[in-house]
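Enquirer: I have a structure here, written as structure tokens, and I will follow up with some questions on it.
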Amino acid sequence: MDHAAASKEEQQQHQQPPHTLMSLISTDPVLDSQAQKLDHWKEAEMEPGDTTTCSPVVADEPSRCCRSPSTTDDLAATAPAPAAAADPVSSSSPSTMKPDSQETAGLAENTANPTSTLVASAVMPSACFEVDKFSIGYTPVDIRGRPLLDLSKTGGWRAAFFIFGNETAERMAFYGILVNLIFYLYYEMHINFPSTSTLVTNVIGTASLTPLLGAFLADAYLGRYYTIGIFSMIYLVGLILLTLTSVLAGTRPSNSGCGIITLYLGFCAPASTRQMAFLYVSLYTIALGSGGIRPCVSSFGADQFDIEDPKEKLHLARFFNGFYFMITLGILLSLTLVVYVSDYVSWGWGFGTLAIAMGVANIIFFMGTPFYRHRLPSGSPLTRLAQVLVASTRKRKVQVPSDESLLHEVHDKESAIVGSRKLHHVNDLRFLDKAAVETEEDKISGTPVTAWRLCTVTQVEEMKALLRVIPIWATSIVLNTVFVQILNFGAQQAMNMDRRLWGFNVPAASVPVVSAMFILLFIPLYDFLLVPFIGQYTRNPRGISYLQRTGVGLFASILAAVAAALVERKRRQVSWETRTAGDPLLTVPFSAWWLIIPFFLTGFAEVFASIGQLEFFYDQAPDGMRSMGTAFFAATSGLGAYLGSFLITVTSKITGKHGKSPWVNNVISIGHIDYYFWLLAVLSSINFIAFLYFVHIYRYKRLGHHENHNTHKIP
């Protein structure tokens, strides 16, 4: 924008009620010293009797804030002296605010300086101002949607630790259910193993797809804080219901006359329709609650670090490592403490422990409210994506100009999307650029052109960013299938293996704890030793890029599937040689700790692939779709579980023909799970090759005002 246009715009701003304080502070150095005073908006720093009220943060609607008299005189006293030549237009500003008579005299002296008038008017008694959300951009705001001018008292690790507690409890609860549910359904609900595996897989899949709903609500309307709070309570309700199924006698079938043999033969009383309905309600309530937490917690935690501050940005990579560390800690507690309580105390106390942990985590999360930084919800991302598709289809015959500066973009605001920064144009997926071409029909239209006809470059680039990550996202599905199947079948393998360790018989459900323990040990090692060492050669503060880290994990997952197949082949061979294959009550004289090898490789793959993906999806998601980006990460585990369920169903039908035993059998030694693991290894190898190709053609997004990543193709 040239100088003349800027002057004209400044005059227009003087004629309007004040809109944004951030722009004033950033453009007038005289007001730099007053930034601390404006930070008095925070309730914690207000004088007695001083109040500030703001309307709720709602996307696409202005947030109105009203200030009491306490800081008016203070701010007026520090306001700059009247300019020698006052802009005559600026005198209209006070009248637009309609101040009380007692305030008018004190404010009149400042009307000569338009900037100070705007600031003083913003905090004057019984006066209200509108925060222009389109000018705030990606600036952190408080819980009421007011810009945070002093970030030293909010965010950072101080806020992240409150968020860590919520995620640790959620993962502890989820994996505590995941590991125990197979045995609970078998021993208490009298459901056979193939059916329990399918039910658990479906619950996992649903819990990994509901994050798309939670992410949509967070990005569009509620914001991440309120979404986490609401769905955490839903999660707690589900845990309480599940606990009741294990405590109340009428919620599960009778165990009278039901022993190990009768249970194996299927002669125990089955669960009634009502009992199964109550169980389903509890499980899918938990799945729904998880959907609002998983996509928002990591994004909300990352929001506590200012990516435009070089010092805080360095902490962001460490945050994701720490975040995954806390996830794994929750898993470790579920595989040890929860499993022990369930096996040696009761199912009621086992599930009840999870409910108590979730309740405490909710309290801790809400205790951190004064320290959180928030981002403004940006409105429905699905609507914006649909607008790009409709506008580009309408203009399918329009020629895209070679000069990208001719494409439509707003220049008088931070962005046309609330809570977002501008994105630079990237020269790919050119068909979508048609949505940002301003035609003659658009120019001569007598009514304002809507986004259904003309979109900004940033809106189009949002769509492109989403489409670019989909191929890489798809390769994560097979990866998560390997994770889920190795852990699920590992617990089943351990049931008939020698689980003695230092004289203690370890529960079968706790054997996969080896994977979690390795992750807990390796993450600090990777963060504090490997990253600095590798960074010396790559000159990357993260050591290696997101996608390189993911690639290492994908390759490790192939090795994990191969190791699982080899261990199972040996276990099955020993069971037949010792004639323990057909009797589920006999222990195969083969140590369960051989499973450490595939569990070790699975943990190694998770440290690289899962954390790399989490960072990648958060970083590459547009500002207004951060929760959706992490929801994609969560959805891969769900789709991986569904793919695993599909593979089990298909292989069982094919291999179980003509009276043969299917690969996945209720009696594991009669089946051939080793063949199933080889199938996963082959699929993982094909998946890894596809990943390398998609990485080769991928291009990072480009921010409009700040340097981001190398925008060229990734080597």
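Heads up, the Cβ atoms here are built off N, Cα and C, so glycines get one too.
From TrEMBL, for reference:
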- 1-12: compositional bias 'Basic and acidic residues' (COMPBIAS)
- 68-99: compositional bias 'Low complexity' (COMPBIAS)
- 1-107: region 'Disordered' (REGION)
- 172-187: transmembrane segment (TRANSMEM)
- 199-218: transmembrane segment (TRANSMEM)
- 224-244: transmembrane segment (TRANSMEM)
- 319-341: transmembrane segment (TRANSMEM)
- 347-368: transmembrane segment (TRANSMEM)
- 469-491: transmembrane segment (TRANSMEM)
- 511-534: transmembrane segment (TRANSMEM)
- 546-567: transmembrane segment (TRANSMEM)
- 592-618: transmembrane segment (TRANSMEM)
- 630-655: transmembrane segment (TRANSMEM)
- 675-695: transmembrane segment (TRANSMEM)
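So that I understand the layout, could you describe where these features sit and how close they are to other parts?
Expert: Sequence-distant contacts of the transmembrane segment (224-244), counting only residues of its own chain at least 6 positions beyond either end whose CB sits under 8 Å from a CB of the stretch, comprise 143, 166, 170, 173, 177, 214, 217-218, 251, 278-279, 281-293, 296-297, 299-300, 303, 348, 351-352, 354-355, 358-359, 361-362, 365-366, 369, 372, 374-375, 627.
Packing against the transmembrane segment (592-618) from elsewhere in the chain are residues 298-299, 302, 317, 320-321, 323-324, 469, 472-473, 476, 479, 482-483, 486-487, 490, 493-494, 497-499, 501, 506, 508, 511-512, 514-519, 522-523, 526, 542, 546-550, 552-554, 556-557, 559-561, 563-564, 567, 570-571, 626, 629-630, 632-633, 636: each is 6 or more residues past its ends and has a CB under 8 Å from a CB in it.
Panel annotation: around the transmembrane segment (630-655), residues 194, 197-198, 201-202, 204-209, 211-212, 214-215, 294-296, 298-299, 469, 473, 476-485, 488, 613-614, 617-618, 621, 661-664, 672, 675-676, 679-680 of the same chain, lying at least six beyond its termini, place a Cβ under 8 Å from a Cβ of the stretch.
Distant neighbours of the transmembrane segment (675-695): 471-472, 475, 478-479, 481-482, 485-486, 489, 547, 550-551, 554-555, 557-558, 561-562, 564-565, 568, 647-648, 651, 655, 663-664, 714; these residues of the same chain sit at least 6 beyond its ends, with a Cβ under 8 Å from one of its Cβ atoms.
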Enquirer: Taking 3+ C-beta pairs under 8 angstroms (sequence gap of 6 or more) as contact, is the transmembrane segment (511-534) in contact with the transmembrane segment (546-567)?
Expert: no
Enquirer: By Cβ distance under 8 Å, which residues at least 6 away from the ends of the transmembrane segment (199-218) in the same chain are close to it?
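Expert: Beyond its ends, the transmembrane segment (199-218) has Cβ neighbours at 174, 177-178, 181-182, 185, 191, 224, 227, 231, 283-284, 286-288, 290-296, 299, 377, 380-382, 484, 488, 627-628, 630-631, 634-639, 641-642, 644-645.
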Enquirer: Let me check one thing: do the transmembrane segment (347-368) and the transmembrane segment (546-567) come into contact, meaning three or more Cβ pairs under 8 Å with sequence separation of at least 6?
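Expert: By the criterion, they do not touch.
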Enquirer: Using Cβ atoms and a strict cutoff of less than 8 Å, what residues sit near the transmembrane segment (172-187) while being 6 or more residues removed from its termini?
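Expert: That would be 193, 195-197, 199-200, 203-204, 207, 235, 239, 242, 246, 263, 283, 286, 290, 330-331, 333-335, 338-339, 342, 347, 350-351, 353-355, 357-358, 488, 491-492, 508-509, 512.
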